[in-house]
Amino acid sequence: MSARDEAVSAVSARDTTANPANAAADSTAPPDARPWSPRIAALLFLAAGVAVLGWAFAIPEGAIDQDVGPRAFPLLVGVGLCAAASVAVVQAFRGSDPALAEQVREEARLTEWRPVAALLALLVCYLFALAPCGYWQSTTVLFALVARVLGSRRIVRDALIGLVLALAVYFLFDRLLGIHLPPGIVRLAF
């Protein structure tokens, strides 16, 4: 018996003695059973990369002769997605160490979902507040509230940091690049 097999046996024995429900589940599961969700996610990731490449090739060439045309960035993103997805597919189908898989399952069980739900709710509220309230106002509030959800207790400091960052991005896009962001309730003098 190899050292790896002994380690797996020790982990299995520890799990079955600590929780009898694990013993019943382990005896019915095939030895190389792996969850399908990572495989499906990796394949969807690869499909997204292929779709981006397809859309990139559908973009017409530029009207003038140039080294970098309108397809360049979408092609770069598509190739990057396909490369990363290929690695994910190989890892998902190759399998993993059973002890590591058990550790991942335990960490997933202990995941705190309340902050995730709160962040999702904040993003939805931000989406609806952006146009009527304005970019820099909504972003300042979002930054402070996200910091609060993630554990910060210094709300004034977080709001000031959010304000500085939001105003910097607003100035960069709206004033320098000419990409207009929603001005909102309070219009800036500069």
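From the backbone N, Cα and C atoms, a Cβ is placed for every residue, glycine too.
From a predicted model like this one, the values you see are computed outputs, not experimental measurements.
As written in TrEMBL, here are the features:
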type     : residues : note
COMPBIAS : 13-33    : compositional bias 'Low complexity'
DOMAIN   : 40-182   : domain 'DUF1468'
REGION   : 1-33     : region 'Disordered'
TRANSMEM : 40-60    : transmembrane segment
TRANSMEM : 72-93    : transmembrane segment
TRANSMEM : 113-135  : transmembrane segment
TRANSMEM : 155-173  : transmembrane segment
Quiz item: With the transmembrane segment (155-173) as the reference, which stretch in 40-60, 72-93, 113-135 has the largest tally of C-beta pairs below 8 Å?
Solution: 113-135
Quiz prompt | DSSP-derived helix, strand and coil totals, residue by residue, for the domain 'DUF1468' (40-182) | solution = 112 helix, 0 strand, 31 coil
